[in-house]
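Noted in Swiss-Prot for the protein shown:
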BINDING   Asp89  Mg(2+) 1 binding site
BINDING   Asp89  Mg(2+) 2 binding site
MOTIF     89-93  motif 'D(D/E)XX(D/E) motif'
MOTIF     225-233  motif 'NSE motif'
SITE      Phe86  site 'Plays a critical role in the stabilization of intermediate cation'
Amino acid sequence: MVRSPVSDKFCIPDTLASWPYPRILNPHYAEEKAASAAWTKGFGAFGPKAQDAFDRCDFNLLACLAYPIATPERCRSGCDLMNLFFVIDEHSDTHGEETVRKMKDVVMDAIRNPHKPRPNDEWIGGEIARQFWERAMCYASEISQRRFIDTFDEYLESVVDQAADRDSARIRDIESYINIRRNTIGAKPSFVIMEQGMDIPDNVFENEVFQRLRMATIDMLCLGNDIVSYNIEQARGDDSHNIVRIVMNELDTDVPRAMDWVAQRHTQLEREFFTALSELPTWGEPIDGWVKEYVYGLGNWVRANDQWSFESQRYFGTKGMEIMKSRWLSVLPKVRPAEVGPQLVDQSLL
């Protein structure tokens, strides 16, 4: 394929231009953000500069956009989970497979034994996970507790696989990348927060149409996250786990054409989502009511993830809303992070 001349700017496709789910913020955002942010900061997982950048990312906003109808208790569970995810993400990104495997073992032991105090000399992620789950499980049905533990284990195993890829400098092909990304995105355990007060039976949950809805949602989340995070990831030399880099590598193309590929794939996924939605069976009440609320949550998650990406300072500093309108970005120069944790975006370069 003939490449376009290298440009210092590129455009992020507006993948949700026709997405019918509107932005809705949980009314308990302010109080639950304050509680969860203070709780997270108290663990001292990052140095001062990284903690400041972490706070500006406002992962509590992501939770409160993703769970707009959640009770205060479940809203807090969502906030704590998002903060836990990104503590794990930031720490695991700087280590190889062996260390990340140990991190996974610590976290899963904490999740499976939430009332057991963690050793003082252990990686702090274990205690964060333990406290999160000890509080969150109180508001979760037994079946949703099981699903959370199973899916969180899958998520962490994929993070280990990602570390193994880093160790070997592996660049996956599109198909195998999407397979691992469906787990590293953390969507499956995130969806469990939506069903904490539900008892959706396994036969309903495993229904083929229901699973198609979930898969289309997860894939849209993966693509949506990767297109907004690509710029800072390429700048930090950490873009090997990003669909833009994967498409560029496999199709021997450039950033604009890779973004076009993502946009076309996203449109296809939207069609798959609404086709599955129209084919969803009925099971009678109360199951149909639970399923309706859950499916609304899936569609809303897609909007929430996109909104947070621009409203927070995670990817674009304070220029997020401006970039959300213009869609244009300047390619950030390469930079090596000075410490573990998120880094402030130099928005003067965007």
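Along the chain as shown, residues are numbered 1 onward.
Quick reminder: no glycine exception, Cβ is built from N, Cα and C everywhere.
Since the structure is predicted, the reported quantities are computational estimates derived from the model, not experimental observations.
For the motif 'NSE motif' (225-233), same-chain residues at least 6 beyond its ends with a Cβ under 8 Å from one of its own Cβ atoms are 12-13, 15, 181, 185, 239, 241-245, 255, 259, 262, 305-306, 309-310, 314-316, 329, 331-332, 343, 345, 350. There are 20 other Cβ atoms within 10 Å of the Cβ belonging to Phe86 (site 'Plays a critical role in the stabilization of intermediate cation').
Same-chain residues at least 6 positions away in sequence with a Cβ under 8 Å from that of Asp89 (Mg(2+) 1 binding site) are, in sequence order, Val159. Summed and averaged per residue, pLDDT over the motif 'D(D/E)XX(D/E) motif' (89-93) gives 94. Taken through DSSP, the motif 'NSE motif' (225-233) splits into 9 helix, 0 strand, 0 coil.
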